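As annotated by TrEMBL, region 'Disordered' applies to 31-71. What TrEMBL lists as compositional bias 'Polar residues' is 37-58. Here TrEMBL flags 95-112, 138-158, 170-193, 199-218, 298-320, 340-358, 417-439, 445-464, 471-489 as transmembrane segment. TrEMBL lists His431 with the feature active site.
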Amino acid sequence: MEETGALIRKRRATISTGKCVPLKQVNGRSEVDESVNGRSDSGNIVTKRNVSDLPSTTSKERKKRINVPSDRQSCHRLQESLLSSASGYRNYRGVLNWCVVMLVLSNARLFLENLLKYGILVDPIQVVSLFIKDPYNMPAACLVIVSNVFIVAALYTERRLSVGCISERVGLLVHSINLSVTLCFPVTIVLMVKSITPVGGASALGVYTVLFLKLYSYKDVNKWCREMSHAKARSLARSLSCSSIPRSRESGQDYQVSYPGNVTLRDLYYFVFAPTLCYELNFPRSPRIRMSFLLRRLFEMLFFTQLLVGLTQQWMIPIIQSSMKPLEDMDLPMMMERLLRLAVPNHLLWLIFFYWFFHSSLNFIAELLQFGDREFYRDWWNSETITYFWQNWNIPVHKWCLRHFYKPLLKSGVSKWLGQSAVFLASAFFHEYLVSVPLKMLRPWAFMGMMAQLPLAWFVARFLRGNYGNAAVWLSLIIGQPIAVLMYVHDYYVLHYREGSAGGGPE
């Protein structure tokens, strides 16, 4: 009987799993040791405690606790699919990589098809003939050299104004004549001199257009300086042409150039070569020239120049040549097919040109001149409206339009809508100026293309938002440019080649 009683007492102290666990006294009560094989009761082993230690529960609560599944049994929760907008998921890097791979493969097929059909058409020597016909006769280069006359004329006028030798009205008249001749003189030379090639003429006109905008800004800022008192002239929005010069080596103090100390030949020529269109008295300057950065930008300039030339000769020119017959016959299905074929290489060349000019070239010039403001573009690729694109893809032009054209119009009482329309009108004029004059034919395609941005901008801003607006901006860039290219190429071909061949006999 004593053995039986001892056996019963021993069973009461065992775990429900059948394992025997030693007991210990806690506050006068006996309970199972919570550490079994190095694990606590929160693990997989369940202990059987004294009934007096358990909280009092009703039978309904115990039954509910039994029916609740454990964490291992539950595998579902409230959540959205990743591709749903409500999920908040934004990491599409793999999809972007897939798009890049597909783009590379599709263009590789087109490039291989082009090589098999046309052979290798790349000829770097031929590019030289696009700029000059005779190495001893370079009228476009001479035209660029002559532009120094207009720079000196603007400087001389400002010097006379700064000392009060001429009145503001006379100075404005002289500046107006100088700026007008700056635009009209190269047009006369390009149209009269037959040896100027279209590419050479476009390059020269581009230089004169930039010079016109710079000299206009130079005139305005100096006028603002004269209108302000000498004390306010020191606190003028910091101009961008001269570096801060230490007053003394001992003190190490810097001072800002103030009017009329900025009216110097060195100051003006720094501004002429600086990568900006807006003049100020003291440009932000970088502390030193980084040779590694400078060499990287130089390498990019050389590489992308060759890439632009190669893709144009190998890819663009064959498509344009094959598009002439559908355009002459007004074969609409074939014209649409040629337009879509031209859209991809044209857009690729435009993207390469953007990186070559706005990033590589302008950063190279800025680093060489220690020009500190490197914001030449913003995130135009995220544009959800046409207006946002034009405000952010070319920051130097946007700053000039805002500072010297749009804001003065608003101050004169013009509404915002009319001011924006005037900015697009001026931009359309310069686009046509840079295309029609070098081609020596007056066609309104570039002008109409720019003015068409106004209703397009209104439509996109009114009816399209978010990704749809961004897609509309990209579509206008991809499709709009090839249309203008085909129109100008067709008109140039008809004017210079078909008429010439028709005069000599039937084709």
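All residue numbers here begin at 1 and follow the chain in the order shown.
Even glycines carry a Cβ here, placed using N, Cα and C.
With a cut-off of 8 Å on Cβ pairs spaced 6 or more residues apart, the transmembrane segment (417-439) and the transmembrane segment (170-193) reach 3 or more such pairs and are scored as touching. Proximity of His431 (active site) to non-local residues of its own chain (separation of 6 or more, Cβ distance below 8 Å) is seen for Ala446, Phe447, Gly449, Met450, given in sequence order. The transmembrane segment (199-218) makes contact with the transmembrane segment (138-158): 3 or more of their CB pairs lie within 8 A, with pairs spaced 6 or more apart in sequence. Proximity of distant same-chain residues to the transmembrane segment (95-112), defined by a Cβ-Cβ separation under 8 Å and at least 6 residues beyond the stretch ends, is recorded for 314-315, 344, 348.
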